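Undergrad: Heads up, here are the entries from Swiss-Prot:
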{"type": "BINDING", "residues": "Ser9, Ser15, Val16, Ser17, Thr139, Arg140, Gly141, Gly142", "note": "FMN binding site"}
Amino acid sequence: MKLLHVDSSILGTYSVSRQLSAEIVAEWRKSRPDTTVEYLDLALNAPNHFGADAIAIKGIAQPEPTEAQRAENALSEQLVSQFLASDVIVIGAPFYNFSIPTQLKAWIDRLAQPGRTFTYNEKGPLGLATGKTVIVASTRGGAYSTSEGGQAMEHQESYLKVVFGFFGITDVRIVRAEGLAMGDAPKAAALSAARADMELATA
């Protein structure tokens, strides 16, 4: 079994999402010691934002791609191949400005490739990356899951569920710690709740 461990927080050792994603991987391996782990730190090795050079080879017919276009295409192929070769993907995904870190979005944009992770048929979109499990370490400074107003502002977990569902992945598990910036007691409660989620997510 192959596990891809992805972190995206820019906070380094201060990051709770990094702490939780590492704990998830460790818990997963306790009962599956044969799991091989590959690590991707998007804060240290962020792909370029998806631009014209990245899509040129696949989306625009031209006689000879430029060196920049070849380089961007090679990076996209490397990332999507790594993703498709993984059985389990553990993602540290903090809540930044109501959504996910830009580095994580840039990675997902490289994965969203027609013919690799999705296609279309007469009924609409069809995900091609089936049979995988995604576990998200979701961290938030405030509390957004407990009210309609908060849920309306949340485009982090909801986005990840939609995009991985679009890729054909129906097993998306959330390990959530929210309210981390609301004081010591709420933070302790959030971490306790996250570890309870973790026990279920790694079972």
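Cβ coordinates are placed from backbone N, Cα and C, and glycine is handled just like the others.
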Undergrad: Can you name the residues of this chain that are 6 or more positions from Gly141 (FMN binding site) yet have a C-beta less than 8 Å from its C-beta?
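TA: Listed in sequence order: Phe95, Glu178, Gly179, Leu180, Ala181, Met182.
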Undergrad: Where among the binding-site residues Ser9, Ser15, Ser17, Thr139 do you find the Cβ with the fewest other Cβ atoms within 10 Å?
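TA: Minimum Cβ neighbour count within 10 Å, taken over the binding-site residues Ser9, Ser15, Ser17, Thr139, occurs at Ser15.
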Undergrad: Hey, does DSSP put Gly141 (FMN binding site) in a helix, a strand, or just coil?
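TA: Reduced to three states, the DSSP call for Gly141 (FMN binding site) is coil.
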Undergrad: Which of the listed binding-site residues (Val16, Arg140, Gly142) has the least company, meaning the fewest other Cβ atoms within 10 Å of its Cβ?
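TA: Per-residue Cβ counts within 10 Å for the binding-site residues Val16, Arg140, Gly142 bottom out at Gly142.
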Undergrad: Using only the residues recorded as binding FMN (Ser9, Ser15, Val16, Ser17, Thr139, Arg140, Gly141, Gly142), report the maximum Cα-Cα distance in Å, whole number please.
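TA: This binding site's residues have a maximal Cα-Cα distance of 16 Å.
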